Amino acid sequence: MYNEALEDAIAKTKRNIGRFGKRFPHVSNDGVYELNDNTDWTNGFWSGMLWLSYEHTKDEAFRNAALDTVESFRDRLDNRLHLDHHDIGFLYSLSSKAKWMIERDEQAKRMTIEAADVLMKRWRAEGRYLQAWGAKGDADNGGRIIVDCMMNLPLLYWAFEKTGNEEYKKVAIQHADKSRRFLIRGDDSSYHTFYFNPADGEAIRGGTAQGYMDGSTWTRGQAWAIYGFALSYRYTGNQLYLETAKRTAVYFIEHLPEDQVAYWDFDAPVTAETKRDSSASAIVACGLLEIIGHLESSDPLLVYFQDAVHRTMRSLIERYSTIGQADAQGLLEHGSYSVRGGASPDDFMIWGDYYYMEALMRLQNGHKGYWYE
Ligand code: GLY
């Protein structure tokens with residue numbers, strides 16, 4: 001089943017090279033991907049899909065298209081275009097860093113370290129966090145972190161390992177510790193965002209941007225926490241991060257509906273109209289596979305997590321994937337970008353497609369993704 005799904009995903013990715021050209025898919029409307037010129041936080045995912053497909057097939061068409069994306073990321077970095085946010089890890093881990101990992105290309109390595117330096121500029125020493133959005137001092141966002149940033153930290157840990165400069169790692173650890181303390185609640189659910197006083201880092205309150213309400217658990221945010229803390233554990237060996245990844249994963253699994261694919265927010269009232277976010281479940285499948293790799297065979301959660309991965313992947317393949325629709329542009333239907341904001345509440349999301357493919361690669365041939373090496 002996983003093999004058939006992976007082959008289908010790769011065939012669709014190949015067809016999309018011709019469709020997308022040098023542009024990048026973001027989210028879809030009525031089954032057609034919106035394309036842009038590498039201007040959004042999502043552009044790395046297309047690059048990552050091309051690199052995964054290349055590694056699986058060794059087909060040069062994938063490599064050539066992936067190299068084009070890396071060129072585009074070079075230009076984006078040189079001109080500091082659309083990099084005024086914290087999602088630098090999402091962008092450069094799957095593009096230039098993947099190129100370094102696969103080809104040991106020194107220029108790609110230097111480019112990725114340069115990208116890490118751009119992320120470091122968002123460190124606010126007074127408040128001791130990485131500012132997610134907006135310029136320093138921004139009235140709404142100057143003191144704000146968001147849980148998604150846990151997936152940007154691997155870029156900093158990696159830059160430390162490549163350069164020996166401890167600042168990258170210190171920043172990543174301080175941000176992960178702050179996220180663990182303030183974004184993760186006592187019952188292992190999570191806030192999407194948290195506000196601090198930017199002058200001294202004093203905690204103010206939790207909130208949301210894409211969730212149902214300020215105190216709710218936006219399922220994709222919980223997914224970023226699960227995979228992000230597992231990766232912080234991978235890089236640091238800090239057991240507290242693994243513990244947090246495990247606990248947030250149990251919360252996610254215990255709150256799934258019968259078909260094992262998450263609604264967009266665990267606190268949104270469930271009616272026949274409530275939207276899913278298949279992308280959250282695809283991210284969690286990867287996060288669980290990452291966690292499983294760190295568990296002792298005697299760990300009571302091992303079989304529980306393995307079952308959860310297979311139940312989720314089976315449901316994604318059988319009920320949410322576009323297997324059987326040869327012309328479909330996307331791989332996973334029923335993702336939700338922002339139900340609250342009315343943006344693509346039930347469509348293809350390029351990150352949903354990416355994590356679905358990464359999970360299939362992990363299951364099929366033990367690939368570990370491009371978040372760490
Ligand atoms: N990182 C942005 C999102 O998950 O929508």
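Note: Cβ is positioned from N, Cα and C throughout, glycine not excepted.
What TrEMBL says about this protein:
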- D87: active site, nucleophile (ACT_SITE)
- D87, D148, G206, T208, R220, W224, S338: substrate binding site (BINDING)
- D148: active site, proton donor (ACT_SITE)
With respect to ligand 1, which members of the binding-site residues D148, G206, R220 satisfy a Cβ distance under 6 angstroms to one of its atoms? D148, R220
Spatial neighbours of D87 (active site, nucleophile) among the binding-site residues D148, T208, R220, defined as Cα within 10 A: which are they? D148
What number of additional C-beta atoms lies within 10 angstroms of the C-beta atom of S338 (substrate binding site)? 17
Among D87, D148, G206, T208, R220, W224, S338, listed as contacts of substrate, what is the widest Cα spread in Å, to the nearest whole number? 20
According to DSSP, W224 (substrate binding site) sits in helix
